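Below are the structure tokens for one structure; questions will follow.
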Amino acid sequence: MARTQKTLELGARHAQVVQSAIRHWLESEALSESQATLLADTIHVRAFDWDKFAKYTLRLAVVCLVIAVSSVVLQASFMRLLRRVVALPAAVRGGVTGLVGVGVHVLAYDRSQTRPEQKYANEGVHAVGALFFALAALQVVEQLNDWHAGKVQRDGTGTAQPKAEVEEDQAARERRKQEEKERRRLMGNAIWAVVFGLGVVYATVALLSKSNLIWTCAIMVFSSCVGGSGGYFGGGYWIDMESPFLFIGFGSFLVGIARAMQSYTLTEPLWSTTRTWGLLYSFVSLWILSIWGYDDYFEKVSDSRSPSSRRLRMFFWSVVFFIAAGFSTWHGLRFDDSTTKGFGLTFLGINLYTKYFEYFWGWSKPIFFAILAASFAAVGKYAENVWNMRVEELGLNQS
């Protein structure tokens, strides 16, 4: 009984690679004519990638829904109407909204079990649940703001005091100022904890549902915690680091854990998204450092504020940026990694154009770009010679 021949459906680019390999094996007599024909017949070129089309359209639908809900919620008139219709404390409203979010996530999980083929629709339902959790967090923050406003009102200064009590009144004002500063710090820490908790919820849902969309939301929430930590915990600094340094560390951390995530079944579907965000945060932070310098920390250490010292530090960060982009490009070419190659080439170009506008705007543009062309041509010629040497050594087929 003849076995049914299964068809391999590929996109045009991948199908071209496989067909080229079959032709190479046929020409090198590794396959017979009949075997090559049999293999070629199993390839079906996908005319239109409906899978990616469904993914992008459903994610666009989620983005549009988020924008629509955010536009309504952030309107003061809607908040007043909401308070009239639902005369409940913000904490209660947050609890109810959170329970609705839990119900939506349970529904999405049930759909993933009964309709696994509708993976992007199920992911969209999870995104709606994530939106409800965000609204719940917003209600909790509003409750914290109400509590803080009430506390300030109860501790108000009241009427003016007699002149005989001026010194005592000044001491009381100073004490109230310190108390208000402490309350603001505690308020900021509480809001940070709420946002961090929202990120933990998103990360948990993403791991259980294997949703890259929800995982992206979790990373963005955690990044807001990283940015907010400097303002809340250190008056603009955190462990003596400003925001670009924080995000370089955060991006490097994401790239590092992405590598570890490949080794575990639970996290393997999410590692690529994690690395992409890590590279983005790291490169954008390095770009900012190469432009602005952010040398307050170095000035505290070296007590140097001269313009020449500042230019030297900016040049240092430009070199670091260039090395990082060059290494990313090398990694992409060495390991055939389109992500690192794309980031490296993109930010190499950004670095070159940034330095051009910064240092060489007064130059003749033809001369500047002619020098760039000559340097890239020299590098390209060297790479071509290396490739031709490998072709001769290994007897590769360049067709």
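These residue numbers are counts, starting from 1, taken along the chain as shown.
Just so it is clear, glycine is given a Cβ too, placed from its N, Cα and C backbone atoms.
As annotated by TrEMBL, compositional bias 'Basic and acidic residues' applies to 170-179. According to TrEMBL, the feature region 'Disordered' maps to 152-179. Among the features that TrEMBL reports, transmembrane segment is placed at 56-78, 90-109, 186-207, 213-233, 245-264, 276-294, 315-333, 360-380.
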Residues sitting near the transmembrane segment (90-109): Cβ under 8 Å, six or more positions beyond its termini, same chain?
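Hits for the transmembrane segment (90-109): 82, 122-123, 125-126, 128-133, 135-140, 142-143, 146, 205, 208-209.
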Using a Cβ cut-off under 8 Å, which residues of the same chain at least 6 positions beyond either end of the transmembrane segment (276-294) come close to it?
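Here the qualifying positions are 216, 219, 223, 242-245, 247-248, 250-256, 258, 310, 313-314, 317-318, 320-321, 324-325, 328, 339-340, 343, 347, 350-351, 354, 358.
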